[in-house]
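Chemist: Starting off with a structure, shown below.
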Amino acid sequence: MTTPALLPLSAAGYPPWRTLRLSEKFILLLILSAFITLCFGAFFFLPDNSKHKRFDLGLEGRAHPSHRHTQGGEHRHREEEESLRDKIRADHERALQEAKEKLRKSREELQAEIQTEKNKVMEDLKKKDPGPKPLPPVPMPKVVGVSDGEPPEPDVKEKRDKIREMMKHAWDSYRQYGWGHNELKPLAKKGHSTNIFGNSQLGASIVDALDTLYIMGLHEEFKDGQEWIEQNLDFGVNAEVSVFEVNIRFIGGLLAAYYLSGQEVFKLKAVQLAEKLLPAFNTPTGIPWAMVNLKSGVGRNWGWASAGSSILAEFGTLHMEFVHLTYLTGNPAYYQKVMHIRKLLAKMDRPNGLYPNYLNPRTGRWGQHHTSVGGLGDSFYEYLLKAWLMSDKTDSEARKTYDDAIEAIERHLIRKSNGGLTFIGEWKNGHLERKMGHLACFAGGMFALGADGSPDDKAGHYLQLGAEIAHTCHESYDRTVLKLGPEAFKFDSGLEAVAVRQNEKYYILRPEVIETYWYMWRFTHDPKYRQWGWEAAQAIDKYCRVSGGFSGVKDVYSSNPTYDDVQQSFFLAETLKYLYLLFSSDDLMPLESWVFNTEAHPLPVLHLGNITLPGSEPAQR
């Protein structure tokens, strides 16, 4: 009795089945079955891209059943099957060989291969998605006075060089201990952040310091900052940030870096961030939320603000940056958002002509009737004046709004102490609190900056008022042990320009007093302003400098102060920049061509002439 063939294969090349016993045939069948199963497993499951090619090649001739019934079809079918098995066998051997080779490689080599594959995928994605559209070309505003400014006097140059060295120490310390973090803890020598930046490392100190580095001629440091921004600054993070702080520090800083250096990356990053802030304006009134999540676009207000209100100094300090965004992008949304805020405020009743610090974005009503030129209110008034200056003095609406506001402030908030010191108090529910904050000391510079163009020939009056505020703020420094000013100081109970509460005795490297010294120097060239600025610089270097940078101090009336262990980003953006400019010649950053935002980031005056911003009406002189 003959044994039927066990497999539908040609016997050519194989030993005669008749010579094998049944048990041997059975074992051979098991082995062969296992081998075929392994081959087909490799065919379907091994991660080898060539399997798709094998499948196409092996089954190409079997696409239509009719092929099997043509003459000689059976023979071709066997050849195709044999060819297919040969391919599977060869590919299986190759896959096993590749696996063995990978097992022989070190962990580092494998990680390098994986990274190479990731990079290839990212490159492919970039080719498919070219990213944001290029911005339309616009005329670059005339950029003048962005370098040099060396003073002719050797002693002044020596002071300027010292300020530059302080900047170098602050930057190098941050570069070494806090790189990529928002700020620096100079004693702990590690990164630091606050809730205004959310929970992400956005490199606030890098962005804030860029224009200071450029103006000081620290171009290698500037290049390091630029490279970090190009490679690491990502606004697609799940972080809830302060709209105000991110606007003045990041958008202002990036725009200033763009105008100074001409590097497109800064403009592109500024626009990417600005688009992330726009959802904050999605409120019933168009008054933006104080905070917005950069990823989700969800906004909300600070829990401590009066009746869920937005803050005057926050939603009123967007105009400069947003006008430049519309100018650079051609997108009218930015300009329209800030003009809507202005028009809404113009329609509202103001108690005693004063702007309260709180406004509810849902109802459009004022919150607590608290008015100040210091915290919560300060930069709103500053931006009214600077909107006029930045428009080449064509935005007459902004100028009139500023003049009216300052008239009310002078009538209700500005007083002279028994000792003859002029100060700016705070209005709370019909009562004047005789206390002035360090933040309000910027107003001396603002009054001087706005003197030219004042109504009723009051230019001399406002320049004098600026000088009086500068004197008062200098006294607040001079009456401390460290010769550094407290956070707030009172004018009652026989005390003048002195802090009373312990929680108002700290100095956190703030710039406002030095800012006023600089403006007063530019407009008067009175040498006392350089002298006062040098006193402040020496005190900062003596009492705030540590091996890891610069730190604020908790009590300016103590001869042995404790540190707060924070090097604020605004110390690099503002304090050191204003000191450097104070000891530079006037042709460095001339005020006819540049307007500084409230974080000391210079933006060029827009000499628009007959050009009209998208979404605006022609300017009226």
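Placement of Cβ uses the backbone N, Cα and C atoms for every residue, glycine included.
So TrEMBL lists these for the protein:
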- Glu245: active site, proton donor (ACT_SITE)
- Asp378: active site (ACT_SITE)
- Glu487: active site, proton donor (ACT_SITE)
- Glu512: active site (ACT_SITE)
- Thr598: Ca(2+) binding site (BINDING)
- 71-86: compositional bias 'Basic and acidic residues' (COMPBIAS)
- 116-131: compositional bias 'Basic and acidic residues' (COMPBIAS)
- Cys441-Cys473: disulfide bond (DISULFID)
- 62-86: region 'Disordered' (REGION)
- 116-158: region 'Disordered' (REGION)
- 26-46: transmembrane segment (TRANSMEM)
Chemist: Pick out which of the active-site residues Asp378, Glu487 has the most other Cβ atoms within 10 Å of its own Cβ.
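Modeler: Highest number of other Cβ atoms within 10 Å: Asp378.
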Chemist: Which whole-number value in Å describes the distance between the Cα atoms of Glu245 (active site, proton donor) and the residue listed as 'Ca(2+) binding site'?
Modeler: 10
Chemist: Just to be sure I understand the packing, how many Cβ atoms besides its own are within 10 Å of the Cβ of Glu245 (active site, proton donor)?
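Modeler: Summing over all protein chains shown, Glu245 (active site, proton donor) has 21 other Cβ atoms within 10 Å.
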Chemist: Determine the most Cβ-crowded residue among the disulfide-bonded residues Cys441, Cys473, using a 10 Å radius around each Cβ and all protein chains in the structure.
Modeler: Cys441
Chemist: What count of other C-beta atoms do you get within 10 angstroms of the C-beta of the residue listed as 'Ca(2+) binding site', across all chains shown?
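Modeler: There are 24 of them.
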Chemist: For Glu512 (active site), which of the recorded positions Asp378, Cys441, Cys473, Glu487, Thr598 has the nearest Cα in space?
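Modeler: Checking each of Asp378, Cys441, Cys473, Glu487, Thr598 against Glu512 (active site), the shortest Cα distance is to Cys441.
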Chemist: To the nearest whole angstrom, state the Cα distance for the pair Cys473 (disulfide bond) and Thr598 (Ca(2+) binding site).
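Modeler: Pair distance, Cα basis, whole Å: 18 Å.
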Chemist: Consider the recorded positions Asp378, Cys441, Thr598 and say which one has the Cα lying nearest the Cα of Glu487 (active site, proton donor).
Modeler: Cys441
Chemist: Please report how many Å separate the Cα atom of Cys441 (disulfide bond) from that of Asp378 (active site), as a whole number.
Modeler: 10
Chemist: Round to the nearest Å and give the CA-to-CA distance linking Thr598 (Ca(2+) binding site) with Asp378 (active site).
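Modeler: Thr598 (Ca(2+) binding site) and Asp378 (active site) have their Cα atoms 9 Å apart.
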Chemist: Quick one: give me the count of other CB atoms within 10 A of the CB of Glu512 (active site).
Modeler: 23
